[in-house]
């Protein structure tokens, strides 16, 4: 594996609802960060349905609890939150042990700050068959161990992870993971999609434009922006006379805009005076047809000050999105997508939904020890 930065069952009376055709995914991200001299490690857990964060737990909160991040989850009965809060607190203890174990495996001192992360979940197609299951761990921003696509074997990233691999193989942990990913995870994904049906199926088409930036040696940079789109999957390409410039294009990862939508840009360096020969093409499921854009010289009445102000605002939005970059990067690596912050959806129901007792909603992490 290449190193990477990991920077409800509805009440029976509720009628079935339609959801946007797949694929759909349910993923959870756990992060523990040690901070010597400042108390216990901080533990954060977030859950995503597709590109929307819907639950969160933070051990540093005044009253650490599993909490909803979208309005449609506020319909769920209190028992659900109590049960998941206890699960999250148990996971927090396992992650603290794993941090100490990793220090020993890597022969590191306890004086520095370290991170231990986990991502797990499932992705299904439009027929609700499992496309991919995930169970991955990282230490200090690099891959540690991961369940392979066959959901039967593990890949260890280094010699320390081999110790863990042998222990988990002997314990048969992959079988338990596979049962969760193929069964429980898919079922809960279906339930969450039903709960969020009014908002999760939405598509927001991108607003796109091209900016021009001066460079030395008679060159300019053309940057194609796509803003305000959802879901996160999008493709930006530059073409010269109809030929794609894949090798010469700079492309950033899709980033959350902070309002429940996403943003992305792609740029090329072109000869001064040849800007009109280059076209940007934007492909997104929210568009009836792909967009084709060229750089348009601004009217003479537009001052440089106004242009600079616009770019400053766009830059600030990008910085805001970087706060959750590791989640988006994991998503891009595992699904081929390029993906947020998360919009609070208008709730169509105000009463609590009664959820039948379900023993497993989230999946306990493994201990390295």
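Backbone N, Cα and C define each Cβ position, glycine as well.
Here the structure is a predicted model, which means the values were calculated and not measured.
Sequence annotations record features per position, and here Swiss-Prot assigns signal peptide to 1-21.
Per-residue pLDDT, averaged over the region 'Alpha-1' (22-111), rounds to 93. Look at Swiss-Prot and you will find 22-111 tagged as region 'Alpha-1'.
Feature annotation from Swiss-Prot assigns topological domain 'Extracellular' to 22-305.
Residues annotated as N-linked glycosylation site in Swiss-Prot: 107 (among others). Within 10 Å of the C-beta of residue 107 (N-linked glycosylation site) there are 7 other C-beta atoms, taking all protein chains into account.
Per Swiss-Prot, the feature region 'Alpha-2' maps to 112-203.
In this structure, residue 185 (disulfide bond) is part of a helix by DSSP. Residue 185 (disulfide bond): 28 other CB atoms within 10 A of its CB, across all protein chains. Feature annotation from Swiss-Prot assigns disulfide bond to 122-185 (among others).
Positions annotated as N-linked glycosylation site by Swiss-Prot: 197 (among others).
Feature annotation from Swiss-Prot assigns region 'Alpha-3' to 204-295.
Residues or ranges marked as domain 'Ig-like C1-type' by Swiss-Prot: 206-294.
Its Cβ placed at the centre, residue 280 (disulfide bond) has 26 other Cβ atoms within 10 Å. According to Swiss-Prot, the disulfide bond annotation covers 224-280 (among others), on the basis of sequence analysis.
Annotated region 'Connecting peptide' per Swiss-Prot: 296-305, in sequence order.
Per Swiss-Prot, the feature transmembrane segment maps to 306-328; the stated evidence is sequence analysis.
Here Swiss-Prot flags 329-369 as topological domain 'Cytoplasmic', drawing on sequence analysis.
Annotated phosphoserine per Swiss-Prot: 351 (among others), in sequence order.
The annotation phosphoserine is assigned in Swiss-Prot to 354 (among others).
The region 'Alpha-1' (22-111): residue composition by secondary structure is 33 helix, 28 strand, 29 coil, according to DSSP. Cβ environment of residue 224 (disulfide bond): 208, 209, 210, 236, 238, 265, 266, 267, 280, 282, 293 lie under 8 Å away, each six or more residues apart in the same chain. If you draw a 10 Å sphere around the CB of residue 122 (disulfide bond), it holds 24 other CB atoms from the protein chains shown. The DSSP breakdown of the domain 'Ig-like C1-type' (206-294), given as helix, strand and coil counts, is 3 helix, 53 strand, 33 coil.
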